[in-house]
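Here is what TrEMBL says about this protein:
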| type | residues | note |
| --- | --- | --- |
| REGION | 1-134 | region 'Domain I, interacts with DnaA modulators' |
| BINDING | Gly218, Gly220, Lys221, Thr222 | ATP binding site |
| REGION | 393-516 | region 'Domain IV, binds dsDNA' |
| DOMAIN | 419-487 | domain 'Chromosomal replication initiator DnaA C-terminal' |
Amino acid sequence: MQKRWQEILQVLEHCLDPGLFNIWVSKLEGEINDNILTIKAKNTFVVNAVKERFATIIKEVADNILEQDTVLRFAVLNACDLSLSSSPPNSKDEAGTNSLMPLPVPSSYKLPSQTPKTDYVEVLSSFENCNPQTISPLTQGTQPTKTELSAEKITQLGLPVTYQGLDYKRTSKNNFSWRYSFDSFVVGASNEFAYAASKSLCTNNCFANILFLNSAPGLGKTHLTQASGQLLENSANKQKLNTAYLTAEEFCSQFVATLKNHSTSSFKEKFRELDILLLEDVHFLQGKQKIQDELLASLKAITERGGRVVLSSSFSPKELHDIDDQLISRFSSGIIANIERPNLQTRVKIIQEKSKLHQVVLPEQVTELLASHIQSDIRKIEGCIQNLVLKAKLLNAPVDLNMAMDILKNYINSEVKLSFNEILEKICQGLQLTPEQISSKSRKREYVFARNTAYFLARKYTDLSLQQIGERFNRKHSSVIKGITSLEEEMNRKTQLGMQLKRTISLIEQNSMSYN
């Protein structure tokens, strides 16, 4: 009966893509007893994968070879430890992600006279270059050839695949020190979809390769981005992952540097061969057409190989302006998840969890005080707790309401709700301008800075939409985005101008609000 099993394997090799066959099927053992075909693999993971992905075609081939209605059974071999030296790692496509369509099996096969031995490295190479599209069903009654099969694009999601039967050290070409994980993320009504989407991206059950996170500053985009990167690295089936985690501004800087050094080819190779790309603040790409082209090419290359991409921005894709339509389409092709400001209940949970990190349990009154006053920025919650705990330790005193109120004075100003008119009034006072000058069409530097500051503060402290903010100045919403981005970009630079802008905006904020 072993000969019949070899015949079944030969037919399967003829039907399946070479990469699929060599990685999943070629190492299987088959035992035929009457009409029962028992298929054995070296571990439970492979058994489950073969059962879900290939049971249909194996049964059809076995029925034709054995000329009977075959019953399939699956079992794990006694020697279930899978050695890396004797057996290649499993394919990048986890069982059940995109099940193969049942292939028609004619009543007779012309078996190949000699089975070519495919080099494993070549198999993986071709395997990784497949486009992520589901294989199309073949016409019934025709025998598929290897040429026809290779012409079809089979989904091979390189990331992530969790191995239950393997135990080896996984490394990354870029050794990041991940600060955030999913375990430390506090889930609430404001962020539960973004959390679920981020975790989903790290599984082979996800239908998309790209996740786009957007929210106001300080609401958890960086946390989820890093958590996704960490989980993807930990669960991937590649020993050496190529990961990049950077901001869009850093992406631009690296590209400009390679232009100056006449080494753009190295830049393209670096980013197009990534397994994981985590890119924050993509709104900084607005107006930078050449860099947008490079990112678009990189996204195509990464996703077509089954890699994963996490993008973040202060704006949703539809709000971005002066970005190529193809790139916007690519941003929108995956999962778009918006993070809202956390409600009171979620803020209480966040404060409780953050305080645990400092091995402190805050009194209930203190927790409620912080949660009710710091509403729009989780980073400020973290900073407030850190300073509160530090002060208690330095003074060797318990954390109480008075101490919390004293620390809270450093944070509460920016948490008071402001109206647009209040913001505009304080900007005019601080910069000694009139509302008419700020709203004018003049491109004087002080007018542009005042307008951009008004855009920035209105976006941060009011519930006005971008379009509504623009209407106050007779500007389009795209002008508002451009102004906010320009201001943020300059403030993020460690230059004299950047620091001066930060101080000016800080003074305007302080003058606009008072501690209650």
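Counting begins at 1 with the first residue displayed.
Placed from the backbone N, Cα and C atoms, the Cβ positions cover glycine too.
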In the chain carrying Gly218 (ATP binding site), residues 6 or more apart in sequence that have Cβ under 8 angstroms from it: Ser376, Asp377, Ile378, Arg379, Lys380
Structural state of Gly218 (ATP binding site), classified by DSSP into three states: coil
For Lys221 (ATP binding site), the number of other Cβ atoms found within 10 Å of its own Cβ: 25
Shell of the ATP site beyond Gly218, Gly220, Lys221, Thr222, same chain only (C-beta within 8 angstroms of their C-beta centre): Ser215, Pro217, Leu219, His223, Leu224, Thr225, Ser312, Ile339, Ile378, Arg379
Number of other Cβ atoms within 10 Å of the Cβ of Thr222 (ATP binding site) across all protein chains: 21
Which same-chain residues, if any, lie at least 6 apart from Gly220 (ATP binding site) yet have Cβ under 8 Å of it: Phe185, Asn191, Ala194, Ile339, Ile378
Helix, strand and coil totals (DSSP H, G, I; E, B; other) for the region 'Domain IV, binds dsDNA' (393-516): 89 helix, 0 strand, 35 coil
